[in-house]
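Peer 1: Quick one: the structure is below, questions incoming.
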């Protein structure tokens with residue numbers, strides 16, 4: 001950061017009472033970002049289901065078990081290849097698969113096995129769903145199964161696409177209109193769109209509103225990083241920037257808790273969105289950052305913010321704007337906060353990150369780490385509900401394990417350095433992926449512990465790369481390097497849901513893919 005910022009924080013304090021209040025108020029809303037990013041893991045659950053049948057059922061047969069209703073056999077359901085035999089009140093006998101149904105031509109005694117002729121029909125009477133865990137999900141609401149299953153699989157990737165676009169749009173708007181206004185707008189947007197999702201009337205409106213929700217959530221997270229960084233001095237900046245991720249992880253834990261307590265998707269969505277209310281009611285009190293005000297030549301407003309910081313931090317002689325400007329003029333290499341970014345954007349482009357072989361190799365490596373970190377982070381998070389055992393506890397633990405990982409990352413960076421912290425944890429995450437493949441599927445506890453260790457390892461690397469990238473490049477292309485890395489990060493988050501879906505091909509396929517990407521950057 002420029003000399004003017006160092007002079008300001010040396011005068012007012014690097015993390016005084018004012019910065020603490022602004023910091024915790026701002027990062028509180030990061031919990032909502034974590035909530036909305038992972039909400040679909042329960043909201044878009046596909047329960048067990050079979051075709052509906054045309055009439056009233058008199059008896060049900062599933063292998064050697066008989067019952068009077070379909071609801072009684074869900075506890076016995078073990079595979080998608082199973083089918084149910086039902087006898088209707090008119091004597092007809094039907095075999096119900098997941099995506100088709102067959103009517104037996106000869107209605108003899110009710111038996112599970114049948115070798116005679118059958119007439120196959122589509123599921124024109126809808127589907128019957130297992131509601132023992134979830135009373136309603138978006139899948140059961142709009143029958144996103146069988147030939148419409150691909151629509152359900154697009155829910156999370158479309159959200160992550162909105163995350164990508166939102167990061168680009170709101171990052172640019174924040175530079176033009178100010179951090180404060182974007183924080184106001186995106187905070188209100190998270191609440192409005194979060195509630196609106198619960199009242200969408202069909203699948204397409206649901207996806208569109210969730211896309212808008214993703215844009216404002218991503219926009220807030222990106223701008224919040226910049227906002228808190230511009231209020232925190234260099235002595236506390238590493239810890240402050242890393243622990244924004246910790247509040248995001250707390251949002252994941254809230255998803256698990258609300259998912260356990262609320263089993264109807266639209267009520268679940270409303271409860272998750274309510275978490276935004278406290279910040280929406282008070283975010284208007286947050287000030288604009290003095291460095292953005294200085295970049296816009298709004299010197300009086302910047303001085304007011306500085307004076308407010310001084311009163312809160314009990315500093316009797318605050319730094320004057322005129323002193324900051326004189327420091328900038330004396331040191332042409334530093335410039336005003338934000339001017340470097342602006343001039344870089346005008347004079348430099350993406351090709352400058354490949355100006356020579358050394359910089360090009362560094363850029364490719366950094367991009368791979370951004371992509372891999374995001375991919376691994378979301379693969380471990382999204383797949384946690386499919387590990388067996390209690391899916392709510394699994395997701396809660398996957399979020400909770402991040403809290404200590406950022407503390408360890410900060411300590412390791414100070415003691416060992418960025419590179420010596422990043423490399424071991426990236427390699428460790430890949431090795432854990434390999435280890436999980438050799439754990440028998442019956443050992444649920446070991447699998448869950450291994451996934452938590454993998455999430456811990458990739459969390460350290462993913463949190464560190466934000467700060468590390470900024471330090472690897474010269475000032476003139478620093479913002480361009482971080483911005484391009486962030487774009488690769490968003491690409492990884494879009495790919496992650498598809499990677500998780502590879503479990504249907506082979507249960508270890510997501511781990512192999514993540515492992516390959518983790519090692520590729522070392523090549």
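Every residue gets a Cβ built from N, Cα and C, even glycine.
Sharing the record's features from TrEMBL:
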- 20-39: transmembrane segment (TRANSMEM)
- 75-523: domain 'Major facilitator superfamily (MFS) profile' (DOMAIN)
- 150-170: transmembrane segment (TRANSMEM)
- 182-201: transmembrane segment (TRANSMEM)
- 207-228: transmembrane segment (TRANSMEM)
- 240-260: transmembrane segment (TRANSMEM)
- 266-286: transmembrane segment (TRANSMEM)
- 364-380: transmembrane segment (TRANSMEM)
- 392-413: transmembrane segment (TRANSMEM)
- 420-439: transmembrane segment (TRANSMEM)
- 445-468: transmembrane segment (TRANSMEM)
- 489-513: transmembrane segment (TRANSMEM)
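Any idea what these are sitting next to in the structure?
Peer 2: Within the chain, the transmembrane segment (20-39) has long-range Cβ neighbours (under 8 A, six or more residues past its boundaries) at 159, 163, 183, 187, 190, 194, 213-214, 217-218, 220-221, 224, 227-228, 231-232, 240, 243-244, 247-252, 254-255, 268-269, 272-273, 275-276, 278-279, 282-283, 286-287, 312, 381-382, 395, 399.
Beyond the ends of the transmembrane segment (182-201), by six or more residues, the same chain brings 26, 29, 32-33, 36, 170, 173-174, 209-210, 212-213, 215-217, 219-220, 223-224, 227, 266-267, 269-270, 272-273, 276-277, 279-280, 283-284, 286 to within a C-beta distance below 8 angstroms of the stretch.
Residues of the same chain lying 6 or more positions beyond the ends of the transmembrane segment (266-286) and with a Cβ under 8 Å from any Cβ of it are 22, 25-26, 28-29, 31-32, 35-36, 39, 42-43, 136, 180, 183-184, 187-188, 190-191, 194-195, 197-199, 251, 254-255, 258-259.
With a cut-off of 8 Å between Cβ atoms, the residues of this chain six or more beyond the transmembrane segment (392-413) that come close are 34, 38, 41, 238-239, 242-243, 245-246, 248-253, 255-257, 259-260, 380-381, 384-385, 420-421, 448, 451-452, 455-457, 459-460, 463-464, 467.
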Peer 1: Quickly jot the same-chain residues contacting the transmembrane segment (150-170) by Cβ under 8 Å, restricted to those at least six beyond its ends, or write none.
Peer 2: 36-37, 40, 44, 46, 138-139, 142, 144, 182, 186, 203, 207, 210-223, 378, 382, 486-487, 490-491, 493-494, 496-498, 501
Peer 1: Would you mind listing the long-range same-chain contacts of the transmembrane segment (445-468), meaning Cβ under 8 Å and 6+ residues beyond its ends?
Peer 2: 225, 238, 241-242, 245, 249, 366, 369-370, 373-374, 376-377, 380-381, 383-384, 387-389, 394, 397-398, 401-402, 404-406, 408-409, 412-413, 418-419, 421-422, 425-426, 428-429, 432-433, 435-436, 439, 482, 485
Peer 1: So if I exclude everything within five residues of the ends of the transmembrane segment (240-260), which remaining residues of that chain have a CB under 8 angstroms from its CBs? That is, six or more out.
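Peer 2: Cβ under 8 Å, 6 or more out: 15, 23, 27-28, 30-39, 41-42, 221, 224-225, 228-229, 232, 268, 271-272, 275, 381, 392-396, 398-400, 402-403, 406, 409-410, 459, 462-464, 466-467.
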